[in-house]
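K.L.:
Pulled these features from Swiss-Prot for this protein:
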- 33-53: transmembrane segment (TRANSMEM)
- 77-98: transmembrane segment (TRANSMEM)
- His83, His182: heme b b562 binding site (BINDING)
- His97, His196: heme b b566 binding site (BINDING)
- 113-133: transmembrane segment (TRANSMEM)
- 178-198: transmembrane segment (TRANSMEM)
- His201: ubiquinone binding site (BINDING)
- 226-246: transmembrane segment (TRANSMEM)
- 288-308: transmembrane segment (TRANSMEM)
- 320-340: transmembrane segment (TRANSMEM)
- 347-367: transmembrane segment (TRANSMEM)
Amino acid sequence: MANIRKTHPLLKIINGAFIDLPTPSNISVWWNFGSLLGLCLITQILTGLFLAMHYTADISTAFSSVAHICRDVNYGWLIRNIHANGASFFFICLYLHVARGMYYGSYLQKETWNIGVILLLLTMMTAFVGYVLPWGQMSFWGATVITNLLSAFPDIGDTLVQWIWGGFSVDNATLTRFFAFHFLLPFVIAGASMIHLLFLHQTGSNNPTGLNSDADKVTFHPYFSYKDLFGFTLMLVGLTSVALFSPNLLGDPDNFTPANPLVTPPHIKPEWYFLFAYAILRSIPNKLGGVLALLFSILVLMLVPMLHTSKQRGNTFRPLSQILFWALVADMLVLTWIGGQPVEHPFVLIGQVASTVYFALFLIALPLTGWLENKALNWN
């Protein structure tokens, strides 16, 4: 008699995705981040749900309700610290997951890759509206500055901004709708993740060599289920360590001050995981140009599959492309540093150079290098 997990309508879907899934036997630890992102999402949804039970989305009580969660709710301080730092771990895993996809040429699975870029945008949007909810100084001014960027669009800009605000400034209506979006979007992300997995399982996973691995595949369980479990343990130890020992390490001190529309903080900046995009935005003197550069800094990922010129899939056997990949990583670190610095010399110039290098690597250097490597190997 056939096993129930292979015949039951629901269990056979789970079986095909997590148990009997044929998996390349040589995938490295860089392939762990997909499951870690799933864990991050579940952690964020659960901690967020418990926070939402005690939070009030009203400008007169939002800040106090967060303080109340930390002081009076059982383990509220822990739930809040895990949720706040969970976002940082989420983005660390996201950026490493994208970097793995770029290094090993996983972007050639176009449907999976494009859904992934949409997931990245959705996650960034969720994190942005979530940062506004505690209604501290940086929450308020971050919301004001970033939403105001939409006014750069010709004709419809001002109307668009007021429509998003629900009034003539960031106010109660803004906070209420941002809370609604912050609650809703993680479930949209969960749904999009299912589609991401569906597309991935149409083709199967890539592997570090970039070659077809059909001849050498193993079942996902027990080999990679235990490998994922090991990754879960490491990440949860890291997350709880940060949440317990230095919960405010990655936050902004300005957010301990309740929002005040009459006092502007000296340096308005987003959370650390958005600093690279913020640096690109600031490096262009024109408002509309900055907004478009900000958008394109993420959307450029959608062009990567189209700009792939090499006859080889990954960077494993392509030393020149490896150098450029690590140059891109270094460039993103420079942009992250610049995003947190004040707008003055020499930071402005460094930001402009780093932004130019960022787009030049994606649009010119990487495609050109792929073509050059083909020539060097006589692969016309």
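Just so you know, glycine gets a Cβ as well, placed from its N, Cα and C.
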K.L.:
Is the transmembrane segment (320-340) packed against any residues at least 6 beyond its ends, judged by a Cβ distance under 8 Å, and which are they?
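P.N.:
For the transmembrane segment (320-340), the far contacts come to 99, 102-103, 269-270, 272, 274-280, 282, 310, 347, 350-351, 354-355, 357-358, 361-362, 365-366, 369-370, 372-373.
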K.L.:
I'd like to know if the transmembrane segment (347-367) touches the transmembrane segment (77-98) in this structure, counting it as a touch only when three or more C-beta pairs sit under 8 Å and are separated by 6 or more positions.
P.N.:
no
K.L.:
Taking a Cβ cut-off under 8 Å, which residues six or more beyond the ends of the transmembrane segment (288-308) line up next to it in the same chain?
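P.N.:
Distant contacts of the transmembrane segment (288-308): 98, 102, 105, 107-108, 110, 113-114, 117, 120-121, 124, 149-150, 152-154, 276-278, 280-282, 355, 358-359, 362-363, 366-367, 370.
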K.L.:
List the Cα distance (Å, whole number) between His83 (heme b b562 binding site) and His201 (ubiquinone binding site).
P.N.:
30
K.L.:
Cβ under 8 Å, sequence separation of at least 6 from the ends of the transmembrane segment (178-198): give me the contacting residues as numbers and ranges.
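P.N.:
Same-chain contacts beyond the flanks: 17, 37-38, 41, 44-45, 48, 52, 55, 57, 112, 115-116, 118-119, 122-123, 125-126, 129-130, 132-133, 143.
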K.L.:
Whole-number Å only: compute the distance from the Cα of His182 (heme b b562 binding site) to the Cα of His97 (heme b b566 binding site).
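P.N.:
So the Cα of His97 (heme b b566 binding site) lies 23 Å away from that of His182 (heme b b562 binding site).
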K.L.:
In this structure, which of the binding-site residues His83, His97, His196, His201 has the fewest other Cβ atoms within 10 Å of its Cβ?
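P.N.:
Comparing Cβ neighbour counts within 10 Å for the binding-site residues His83, His97, His196, His201 gives His201.
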